[in-house]
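Participant: The structure under discussion is supplied below as structure tokens; questions concerning it will follow.
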Amino acid sequence: MARKDTNKQYSLRKLKTGTASVAVAVAVLGAGFANQTEVKAAEIKKPQADSAWNWPKEYNALLKENEELKVEREKYLSYADDKEKDPQYRALMGENQDLRKREGQYQDKIEELEKERKEKQERQEQLERQYQIEADKHYQEQQKKHQQEQQQLEAEKQKLAKDKQISDASRQGLSRDLEASRAAKKELEAEHQKLKEEKQISDASRQGLSRDLEASREAKKKVEADLAALTAEHQKLKEDKQISDASRQGLSRDLEASREAKKKVEADLAEANSKLQALEKLNKELEEGKKLSEKEKAELQARLEAEAKALKEQLAKQAEELAKLKGNQTPNAKVAPQANRSRSAMTQQKRTLPSTGETANPFFTAAAATVMVSAGMLALKRKEEN
């Protein structure tokens, strides 16, 4: 379109130089005339509006002015003819034609560049549309992915809230269980401490009872040794009786007294064995039960005291009988010298008891019984102290 307009605009190139010059001059003059006509017409419009009856005068003025313009036009045409004859003007016209030709070439180049620009612009717009489509698609995918992630996060949030509620409830239950466990642990520790103390007391009591039992066993052994010595003495007395008929009466009394003493000693030994068995039973009960009530302690103490009192009375009676027996045996010393020798032999066989330091008599001594009774009393006393 631009090239067609250019061709139309510059179609006067085919005209001759003079004709073109005249046309240019006419165009210039016509333009000037038109401008003047327009100015004059603008100036005339107001008077016509003011007075419609004065138009002949104005018409005559216009005719006059038209004539003047024609004269001016002729002057310009003459000036144009003079210019065509001027070599400098012709050179300028040739240069003008070259410039117009180059302008046409440039215009063609501009059209090609414009076409390329439009093609590039179309490609750019296509790429932009494609990029926009891809961007919209990517945005939709990201939006969808974001919504899915949001839904997933919301589900996880709800799950975490439920888990937190469950965890809080479980933690509260565990706290209660832990508190109960701690309380039970404290009770068990207190009970364990109590049992430990009771065990220490029981061990101490058992050790004391063991020592008492050992002392009782030692006393029993000593009593059995005394009994064996008495049995040997009795046998020796029987032999002495066969040897000395002269001292038969005295020996008979001594033998009878010895038999009575032996029976008493055997009875006392049996009673001491029963006491020892009772002490062993008591020790066993203490080991199994580990504790006695106050009532049982009182009963046991009263029983032991009663038995000790009875045993002491019995031992006192035996001591009196032994004293009487010794007194009765003194006058018969001259009649039976062999019996005296036998008694002196018995005296030489006397031993010292390691527990009390007393001299062992041929009969049951008070020291042995006292040891057994003291062992029972000591065991009871230690248990009460514990």
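Any Cβ shown, glycine's included, is placed from N, Cα and C.
Sharing the features that Swiss-Prot gives for it:
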SIGNAL    1-41  signal peptide
REGION    42-152  region 'IgA-binding'
REPEAT    158-192  repeat 'C 1'
REPEAT    193-227  repeat 'C 2'
REPEAT    235-269  repeat 'C 3'
REPEAT    302-307  repeat 'D 1'
REPEAT    308-313  repeat 'D 2'
REPEAT    316-321  repeat 'D 3'
REPEAT    323-328  repeat 'D 4'
COMPBIAS  339-359  compositional bias 'Polar residues'
MOTIF     353-357  motif 'LPXTG sorting signal'
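How about a rundown of where these features are and what they're close to?
Facilitator: Over the motif 'LPXTG sorting signal' (353-357), the average per-residue pLDDT in this prediction is 45.
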Participant: What does the DSSP secondary structure composition of the repeat 'C 1' (158-192) look like, as residue counts for helix, strand and coil?
Facilitator: 35 helix, 0 strand, 0 coil
